[in-house]
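Asks: Before I ask anything, let me first share the structure, which is written out below as structure tokens.
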Amino acid sequence: MEPVDPSLEPWKHPGSQPKTACTNCYCKKCCLHCQVCFTTKGLGISYGRKKRRQRRRPPQDSQTHQVSLPKQPSSQQRGDPTGPKESKKKVERETETDPDN
């Protein structure tokens, strides 16, 4: 190895900087471009802002921490509560009483 000027900072040593600039490409050649590219692209290590992660849902069986809610009434049927058979009879009665139509 050739001697290096001790007054130079390590990142300014000859040969420490690549001749070409770093790119956003993730091909094998660009991932091995320099040490920075290798750690960020190749290994996926970055010390910048963290990406937002989705929260993991708790397992279904661990509901001991939740306050018990009162049971809701069973779903009520929509529409006529008398049922479809009685409504048909009702329509028949109305048509019998109005023979004018």
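Here the Cβ of each residue, glycine as well, is placed from N, Cα and C on the backbone.
I grabbed these lines from Swiss-Prot:
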- CYS22, HIS33, CYS34, CYS37: Zn(2+) 1 binding site (BINDING)
- 48-57: compositional bias 'Basic residues' (COMPBIAS)
- 61-79: compositional bias 'Polar residues' (COMPBIAS)
- 83-101: compositional bias 'Basic and acidic residues' (COMPBIAS)
- LYS28: N6-acetyllysine (MOD_RES)
- LYS50: N6-acetyllysine (MOD_RES)
- LYS51: N6-acetyllysine (MOD_RES)
- 1-48: region 'Transactivation' (REGION)
- 22-37: region 'Cysteine-rich' (REGION)
- 38-48: region 'Core' (REGION)
- TRP11: site 'Essential for Tat translocation through the endosomal membrane' (SITE)
Asks: What residue among the binding-site residues CYS22, CYS37 has the most other CB atoms lying within 10 A of its CB?
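Replies: The largest 10 Å Cβ neighbour count belongs to CYS37.
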Asks: Pick the one among the recorded positions LYS28, HIS33 whose Cβ has the fewest other Cβ atoms within 10 Å in this structure.
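Replies: Lowest Cβ count within 10 Å among the recorded positions (LYS28, HIS33) is LYS28.
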Asks: Just the number: how many Å between the Cα atoms of CYS22 (Zn(2+) 1 binding site) and LYS28 (N6-acetyllysine)?
Replies: 13
Asks: Please list, in sequence order, the residues in the chain of CYS34 (Zn(2+) 1 binding site) that are at least six apart in sequence and whose C-beta is under 8 Å away from its C-beta.
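Replies: Once residues fewer than 6 apart are set aside, CYS34 (Zn(2+) 1 binding site) is near GLN17, PRO18, CYS22.
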Asks: Which residues, in sequence order, are found in the same chain with Cβ within 8 Å of the centroid defined by the Cβ atoms of CYS22, HIS33, CYS34, CYS37 at the Zn(2+) 1 site, excluding those residues themselves?
Replies: PRO18, THR23, CYS30, CYS31, LEU32, GLN35, VAL36, PHE38, LYS41
Asks: Cα-Cα, whole number of Å: CYS37 (Zn(2+) 1 binding site) versus LYS28 (N6-acetyllysine)?
Replies: 10
Asks: Is CYS34 (Zn(2+) 1 binding site) helix, strand or coil when read with DSSP?
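Replies: In three-state terms, CYS34 (Zn(2+) 1 binding site) counts as coil.
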